[in-house]
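Below: the structure, in structure tokens.
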Amino acid sequence: MPHDHAEHLSPSGHPYRPDDDGPLSYWQVMEIAVRELLVEKGHVTPEEIAAQIEAMDARSPAQGAALVARAWCDPAFRDRLMADASAASREMGFDIGALHLVAVANDAVTHNVVTCTLCSCYPRNLLGLPPDWYKSRAYRSRVVREPRAVLAEFGLDLPPSVRVRVHDSTADMRYVVIPDRPAGTDGMSEEALAALVTRDSMIGTGLPRTPA
Amino acid sequence: MQPDVPSHWHDMGGGPAGSVPRAEHDFALWEKRVDALMVLMSNKGHFTVDGLRRALEEMGETAFETMSYYERWIAAINRNLVAAGAYDTAELAARMEEVARRGATYGDAQSR
């Protein structure tokens, strides 16, 4: 397999990432040229592009965290979320577009984790753009075969009594994990609970924080 | 257990691989623009997310290993836009040549 490319790795073993102010690359030139041609031919406006970037920047794991915290506090909302996560997200005012979103809930004996083995499908309209590792060969290959080993790399050692369920997303159906509410959070406000919900806990590679 | 039909390269589930690289990076402006072009042009009906994936998959495994995520996306978006008739390859080549002469960095070469 041609993926032993150590020459692309930094001394710490991570891939190099070009800085924004590095030498202009062929693909950056293509992006500029494509964008200019589309604008000149009237297919898109610079304002539409700027607004789209702003909309994507505004999407963040905080939206998902608010959804999870609501589900922890409101059993009726949780029922609606589990039945139709797209509708429940819209109910909270999150513009998730045509995305078909499926919520999968952890409990004392079940841990869910999400991947996309074919490409990089991710609930981006709820959580924002996916982290680099979600799109990596290593994660996509291994999480379906040895999820416990992958989760251990993320610092999540699950006891054998917990069943691990791995969900493989598609372009048309994306999953979000609803983590189990941590112990010791009785009486906390929805807002304080949301602050405990991490991005990785909604992908399944982490757990919510515990209250300080 | 071997499947009867070999998987296409992009079907990575279950394959051998090393540890998960945990470094994350903030998206550069040019990467966000690529993402925005994908969303806008597919919403406007010039092509579909399936068209994007088809082009990405046809680019092959070498492209996956040697190009970054949004490098692959702009290449795949370009293929779809040319196929949809949004512009032709001669127009693109001429514009890329002109853009490349504008400066040494993205900041110098970008418009608007």
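From the backbone N, Cα and C atoms, a Cβ is placed for every residue, glycine too.
The model shown is predicted, which means the values in this text are computed figures rather than measured ones.
What TrEMBL records for this protein:
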type	residues	note
REGION	A:1-20	region 'Disordered'
DOMAIN	A:27-205	domain 'Nitrile hydratase alpha/Thiocyanate hydrolase gamma'
BINDING	A:CYS116, A:CYS119, A:SER120, A:CYS121	Fe(3+) binding site
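A map of TrEMBL features onto the structure.
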residue  : record              : Cβ within 10 Å
A:CYS116 : Fe(3+) binding site : 22
A:CYS119 : Fe(3+) binding site : 19
A:SER120 : Fe(3+) binding site : 19
A:CYS121 : Fe(3+) binding site : 23
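The subset of binding-site residues A:CYS116, A:CYS119, A:CYS121 lying near chain B, with Cβ atoms under 8 Å apart, consists of A:CYS119.
Look at A:SER120 (Fe(3+) binding site): DSSP puts it in coil. In this model, the domain 'Nitrile hydratase alpha/Thiocyanate hydrolase gamma' (A:27-205) carries an average pLDDT of 96.
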